[in-house]
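The block underneath contains the structure these notes are about, expressed in structure tokens.
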Amino acid sequence: MAGIGGAVTTGRKARWTVLNILVVAYALVPVLWIVSLSFKTKETLADGNFIPRAWTLDNYKAIFSTTEFVRALVNSIGIALIATAVAVVFGTMAAYAIARLDFPGKRLLVGVSLLIAMFPQISLVSPLFEIERTLGLFDTWPGLILPYITFALPLAIYTLSAFFREIPWELEKAAKMDGATPGQAFRRVIAPLAAPGVFTTAILVFIFCWNDFLFAISLTSTEASRTVPVALSFFTGSSQFEDPTGSIAAAAVVITIPIVLFVLFFQRRIVAGLTSGAVKG
Amino acid sequence: MAEIVLDSVTKQYPDGAVAVRDVDIEIADGEFIILVGPSGCGKSTTLNMIAGLEDITSGELRIGGERVNERAPKDRDIAMVFQSYALYPHMTVKENMAFPLRLAKVDDTTVEKKVRDAAEILDLTQHLDRKPSNLSGGQRQRVAMGRAIVRSPKAFLMDEPLSNLDAKLRVQMRTSVSRLQKRLGTTTVYVTHDQTEAMTLGDRVVVMRGGAVQQVGAPQFLYDNPANLFVAGFIGSPAMNFVPAALEDNVLRSALGDVPLTDRVRGLLEGADAPREVIMGLRPEHFEDARLVDEAVRAKGVTFTNQVDVLESMGSDKFAYFSLQGEQATSAELAELAADAGSADVPGGGVSLVARIAATSTAVAGEPADIWFDADKVQLFDPGNGRNLTYRG
Amino acid sequence: MSHAVKTDNAEPALPPKAKAALSEGKRAERRLGLLLCAPAILIMAAVAGWPILYSLWLSLQRYDLKFPDRTEFVGLENYVTVLSNPYWWNAMWVTVLITVVSVAVELVLGMALALIMHRTLVGRGIVRTSTLIPYGIVTVVAAFSWRYAWTPRTGYLAETIAGGDPVLTEKIPAIMVVTLAEIWKTTPFMALLLMAGLALVPDDLLKAAAMDGASAWQRFTKVMVPVMKPAILVALLFRTLDAFRIFDNLFVLTAGSQGTSSVSMLTYNNLIKGLNLGIGSTMSVLIFIAVAIIAFVFVKLFGTAAPGGDGGGRR
């Protein structure tokens with residue numbers, strides 16, 4: 001805690017700079033480490049050096065030449081995008097209703113979705129494992145997309161309804177007075193204003209789906225729907241005696257790239273999205 | 001254009017709270033009517049019911065002779081101006097004003113023309129392509145007005161449209177709203193909590209309290225003949241002074257001395273079934289520095305001497321504030337007015353008075369002064385139910 | 001002044017039949033509301049509601065996919081089996097230990113981070129951007145980074161801090177590493193939630209406290225913390241429930257060996273590796289109950305400040 005008021009002295013600036021560097025180091029060192037591993041040659045992989053002594057792209061070339069990884073990457077991207085799209089569309093509809101409309105069962109819906117958000121995912125894995133095997137959804141894209149949507153929906157509804165509440169309520173009344181039906185009020189006034197919030201929510205939901213490991217490892221069994229986090233944990237290297245460390249590190253870096261891009265470009269939005277619900281408390 | 005009739009309209013919320021009770025108002029075609037009252041009096045609820053933004057629990061609302069209770073706002077053909085202006089932030093001024101027309105599927109050339117016309121009337125032509133966030137408060141307010149007038153609706157509803165403007169601009173916009181309404185001749189219902197706006201703008205004023213209409217009438221009539229303590233205290237600035245008094249034969253005994261009942265007052269009191277204990281109401285302008293009143297006039301009133309606490313010189317006249325010894329006038333109405341003004345728990349016992357005296361008065365703050373008031377202008381109220389005993393109905 | 005606030009509200013309510021007449025607009029609003037929520041409700045009911053009930057049912061069966069013909073209803077037998085099993089209780093204690101330690105450390109660290117992000121004079125954008133990296137990064141990726149960092153010979157930490165010992169092969173050090181990984185990954189989330197609370201503390205309040213003679217520490221404990229208490233509780237609840245389901249980090253770092261399994265890990269092993277649906281479901285239900293108890297305790301602490309308790313922004 002800095003003192004309140006007073007001039008910004010160079011001393012205080014320096015102190016903050018040191019603190020900030022500590023924070024940045026805290027956040028980045030483990031990431032840089034995995035990046036460093038991914039560029040290390042086979043020979044220097046086990047030297048324990050933080051910075052590679054010899055640089056190579058072999059690890060990346062190796063993973064992109066295996067169907068195991070490429071297929072998993074396609075699965076990851078496809079599944080996360082579809083789940084995000086569906087969850088955001090349905091979440092937007094529900095959040096609009098919750099924030100703006102009066103209808104029976106509204107509180108119940110909020111309560112139940114909050115319950116799901118706090119739910120231990122493992123509790124769903126056992127019944128879903130059995131249900132999906134029976135329905136033929138096991139080890140398919142929909143078999144993962146469905147639980148992702150389910151767990152992303154509460155996140156989407158919660159974040160979006162916080163955004164929607166910030167849209168001035170009178171605008172909708174104004175639209176009605178201007179002759180709009182509730183549907184038109186939504187499409188022409190609220191939706192354009194809500195777009196930034198929807199976009200932010202989409203990022204958060206995508207990160208959630210991209211991140212999942214438990215469902216992906218429990219509800220898949222082959223390359224047909226295995227996502228990258230799961231594929232990573234099954235990497236064994238091209239031969240049985242080969243150390244997979246380099247491949248794992250390279251694959252890990254590849255799936256970290258979208259996250260880094262999101263964070264770089266949408267830092268403000270992500271912070272706003274994550275904190276919007278909490279302030280309500 | 002049409003007349004609007006509220007026929008014993010009531011609003012009750014599901015939790016049982018009644019926001020508006022049995023309101024009967026007939027608004028003539030082209031009339032400018034003001035709903036005024038303290039916050040929570042039901043004026044905005046009434047407006048929203050006319051708009052269709054809130055359901056009417058019972059009673060009937062007719063616009064142009066047709067029952068519209070069940071119609072959605074869009075089917076009532078009325079426009080509304082909101083306190084926050086409710087401009088669509090993602091649309092330009094032009095798009096904002098065109099929005100109601102676009103929804104009504106009006107063709108492009110007509111939209112263009114109507115928006116141009118409205119912009120001209122409101123002096124917005126050079127701002128048409130700007131977004132609301134780049135406009136000043138006054139400009140935003142005008143855009144909101146423009147959006148209301150473009151489609152020539154049957155009526156305008158205005159919900160405290162000037163309360164977000166600063167004092168100077170508010171006075172300026174007040175006259176332009178008035179001029180605009182006269183020019184268009186559209187029936188207008190205007191909600192405000194500001195009694196000055198109520199007095200200056202409307203053809204008629206509806207004073208509301210606790211969900212019920214207290215009095216309806218032309219502004220000057222309400223000022224001169226308030227139906228009860230509440231209206232008396234609400235209309236007028238500075239507010240009417242209230243002093244407890246005891247009614248005896250031909251005289252009122254009060255902390256200001258004995259006030260003789262003039263013929264006018266006695267005539268009005270007859271048949272009014274007045275109690276013995278009453279509240280005497282005196283407008284600030286009915287006081288004067290006794291030294292400036294000639295003998296003949298002085299005899300028609302009462303003179304008292306009291307220390308002046310504060311003297312405010314307004315230039316054209318002076319406001320003198322006194323504290324009298326003795327009991328304060330109490331009634332439910334006065335308590336509510338005090339609560340609305342935020343003065344309910346301002347410390348200080350006794351009765352406070354405000355007198356509006358001539359600028360030439362030589363009264364000095366902190367010194368005693370002789371103050372005269374006109375006994376014929378006294379209004380008497382029943383403290384039990386607030387009724388004006390000297391009401392000339 | 002007792003009659004001062006007498007308003008018409010005190011008068012008897014109108015007969016209730018009056019409100020039966022909903023206008024067209026109101027009914028349209030209700031219809032639209034339900035219609036808009038329908039897809040979300042249907043999916044959540046089908047993919048969360050139904051499976052939960054189904055797992056309750058499964059937990060009452062002897063149901064092992066390796067011996068499908070021996071499936072039968074056994075009542076609470078599975079619960080007796082699980083609750084009398086030392087592995088289960090070990091996993092429970094490991095989970096509780098990781099949860100308590102990580103959440104406690106995160107609260108302190110997160111608060112510091114929140115204060116830095118909130119008050120820093122320089123480079124606010126850089127600080128916020130970099131703290132979002134641990135939040136956003138795939139847990140499995142982070143876990144691999146930690147695993148290799150602690151792997152003898154390969155890792156920078158193993159050589160410098162652990163002196164070349166294989167820390168991940170011993171129970172207590174392994175749990176410590178798992179907890180560390182968990183803390184690293186989720187402290188930013190905690191910090192962001194706390195920062196939202198910090199933003200609610202008015203600057204004037206802190207100035208007033210400073211004028212009243214409060215030291216920086218007193219301003220923090222006597223002014224900031226009480227004002228942001230709801231935000232702190234929300235952050236704690238979210239993180240506690242999240243930490244309790246720890247799985248990804250454990251899976252990569254130890255795979256549950258040397259008695260480091262969490263309850264989620266143990267359930268997964270019984271279910272997917274052991275293919276014992278009965279026992280797996282029983283564990284699922286027990287974890288669900290444990291989470292419900294945690295949530296209940298927190299909500300009791302919250303009172304009205306519970307998230308979602310604002311019931312919608314109308315009126």
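Think of each number as a place in line: the chain as shown, counted from 1.
Each Cβ is built from the backbone N, Cα and C atoms, and glycine gets one as well.
According to TrEMBL, the feature domain 'ABC transmembrane type-1' maps to C:92-298. The annotation transmembrane segment is assigned in TrEMBL to C:32-57, C:91-117, C:129-149, C:183-202, C:223-241, C:275-299.
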**Asked** Between the stretches C:32-57, C:223-241, C:275-299, which one has more Cβ pairs under 8 Å with the transmembrane segment (C:91-117) than any other?
**Response** C:223-241
**Asked** Taking the transmembrane segment (C:223-241) as reference, which of C:32-57, C:183-202, C:275-299 has the most Cβ pairs under 8 angstroms?
**Response** C:183-202
**Complete:** Spatial neighbours of the transmembrane segment (C:32-57) not adjacent in sequence (6+ beyond its ends, CB under 8 Å) are 281, 284-285, 288
**Residues from the same chain, set at least six apart from the ends of the transmembrane segment (C:183-202), whose C-beta lies under 8 A from its own** = 102, 105-107, 109-111, 113-115, 117-118, 131-135, 137, 139, 142, 146, 223-224, 227-228, 230-232, 234-235, 238-239, 242-243, 249
